Amino acid sequence: MLPVSAWQRSPWGLRLCLLCSLCLGSPSPSTDPEKRAGSQGLRFRLAGFPRKPYEGRVEIQRAGEWGTICDDDFTLQAAHVLCRELGFTEATGWTHSAKYGPGTGRIWLDNLGCTGTEQSVTECASRGWGNSDCTHDEDAGVICKDQRLPGFKDSNVIEVEHNPQVEEVRLRPGVGWGRRPLPVTEGLVEVKLPDGWSQVCDKGWSAHNSHVVCGMLGFPSEKRVNTAFYRLLAQRQQHSFGLHGVACVGTEAHLSLCSLEFYRANDTTRCPGGAPAVVSCVPGPLYAASSGQKKQQQSKPQGEARVRLKGGAHPGEGRVEVLKAGTWGTVCDRKWDLQAASVVCRELGFGSAREALSGARMGQGMGAIHLSEVRCSGQEPSLWKCPHKNITADDCSHSRDAAVRCNLPYIGVEAKETWYWDSGNITEVVMSGVRCTGTELSLDQCTHHGTHITCKRTETRFTAGVICSETASDLLLHSALVQETAYIEDRPLHMLYCAAEENCLASSARSANWPYGHRRLLRFSSQIHNLGRADFRPKAGRHSWVWHECHGHYHSMDIFTHYDILTLNGTKVAEGHKASFCLEDTECQEDVSKRYECANFGEQGITVGCWDLYRHDIDCQWIDITDVKPGNYILQVVINPNFEVAESDFTNNAMKCNCKYDGHRIWVHNCHIGDAFSEEANRRFERYPGQTSNQII
């Protein structure tokens, strides 16, 4: 075993782990030098802050010099290899854009490409040792599973004395602790140190410090506070100061990134002439009502937001989308960091960013990518105020869509877990008729029957239950393909018996002179993408799928899509519906393998990154417009219309097109997903006056 050199202190004075790669580079540690020859002379450690012992910025010592790894092309497979080098069994995630702070010295590796099976990082592809065009703002980190490799020896970890760390921050109200409504927006600043909660000396306390604290607590901004009241209160209380000399710039995502000093154990005089620091935060619109500041928030004029989050499982997280020229698009993750993510979070009424996510971690968008290389200082009021590049389709792909996770205020609502119980001992039903939009923070905010409960029986069949998940599918229709493939066919009735059996024709078809005559059908192709973070699976198990002899296939969902022709005022004049003939992966993205296929009673579904194509020439892929008069209409397609399968976002399940029908031909144009346009563009679409000629502009 190589000797372990003396530890080096990080910028924050943290505990660093120096691990001997000869012992820790493979799942089955071996003393055979041939098996680990590639890592000889290398050492690995985790550094940076804030972090846990099994996560951090990856640093490698080569030729006696410590350096970092650039996040370009970094993947979970590379993280697996590095975690094994560090003595852990595997990786659970990885980070980019110097989440744990920028390192120093050389950037040893760039464009690291691993399959995940390598015994050593030296077996992975890269640009070569020390060959990089990155800066330390792009340092990669890993999150390893907190489980050591068999045979790992604790002696391989160098334990060093380290300074205390600020683990958490909270506000303690001056009066009425425990009785104040949540979230708490004003109070004494308390920090959690290894030995418990302590207060902060207010000497030199600034608005920048308050801004950072409020951001950590989930609030977008701070306001002035009546310090005289708290100083008077402080004279009658005992204090436990643990921190002083805090000096933030205001753009930090965590108080520990500010300049600060800890009191030593032998300091007998603490904060002489000072008092506990006090902060007052301004909640965002989503939390203003519960904190009693709703009227103040509503008095400010609100225009349409130009930034939004999509695809997240919780409030304050999701793929970042921005509005440009009336159309929503995504942001490329090049140079995406916590400063830019914090600007997004605060702009949307949340706190600073907890994570800046890359690599489409919250699902891929569709359509335009509006921004790239966004560089924020952290002080901008909007992402659009940050320097950025406008890009073309060739510059980036949706596999690099940027996302965020924001700090949220604590409102006393804990995560649900799935419960199955025998409700035989339930004696009371407290709520019925619950109807939610999906944006509410608790069931109390949804509409319901109030005190008048209509469900008087409490047996199991009358009680509601849930199954919770951190991820879900997200279906999206390829609107351009609908526009490109739409046409009219006059189909003879004798070819429509199967379609009639599956209720794919207008009701007037029942009184037609079968098998003579025809039906006029508006045909088009549907290409349905799963851009979420979980596979789309039918609600019903395969044991309940229905076999249709006529078409020779199983239906896994009775209603999979609705097809409608609407007048300009929204009146439905024709409709169609499509059962899920068979959900399968027709095609997938380059790096994704197909999992579902219809053949031989196979499993049905749509894999993340794949799409199911229903061609225009298959049965029921149409709307029967035999009875529709010439005119200007709206073509509407809705996927998963009955919400039978969970999705992370239902607002993008509808697609609309303008169409002109002259009795013989049809023109379909301006097709778009329901949430792809700005509010003003949608209003213009709804007010569409119709075409005066056959020329589409």
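Every residue gets a Cβ built from N, Cα and C, even glycine.
TrEMBL labels come from automatic prediction, so no person has curated them.
Annotation in TrEMBL places C345 in a disulphide bond whose other cysteine, of C281, C396, C406, is C406.
Cross-referencing C17, C20, C144 with TrEMBL gives C144 as the cysteine bonded to C83, criterion being a recorded disulfide.
Looking at the candidates C258, C271, TrEMBL gives C258 as the cysteine bonded to C248 by a disulfide.
Disulfide annotation in TrEMBL: C134 is bonded to C70, selected among C70, C114, C201.
With the fewest other C-beta atoms within 10 Å around its C-beta, C436 stands out among the disulfide-bonded residues C114, C124, C386, C406, C436.
Mean pLDDT for the domain 'SRCR' (44-145) in this predicted model: 90. Annotation: C83 carries the greatest number of neighbouring Cβ atoms among the disulfide-bonded residues C83, C396 [cut-off 10 Å, Cβ to Cβ]. In the structure shown, across all protein chains, C345 is the one of the disulfide-bonded residues C70, C258, C332, C345, C376 with the greatest number of other Cβ atoms within 10 Å. By the Cβ criterion (distance under 8 Å, sequence gap of 6 or more), the domain 'SRCR' (44-145) is not counted as touching the domain 'SRCR' (431-469), fewer than 3 such pairs being found.
Cβ neighbours within 10 Å of C248 (disulfide bond), excluding its own Cβ and spanning all shown chains: 21. Listed in sequence order, the residues of the same chain lying 6 or more apart from C144 (disulfide bond) and placing their CB within less than 8 Å of its CB are Y54, E55, A79, C83, L86, F88, T89, E90, A91, T92.
Of all the disulfide-bonded residues in the list C70, C376, C396, the shortest Cα-Cα distance to C446 (disulfide bond) is found for C376. Taking the Cβ of C446 (disulfide bond) as centre and 10 Å as the limit, one finds 15 other Cβ atoms among all the protein chains shown.
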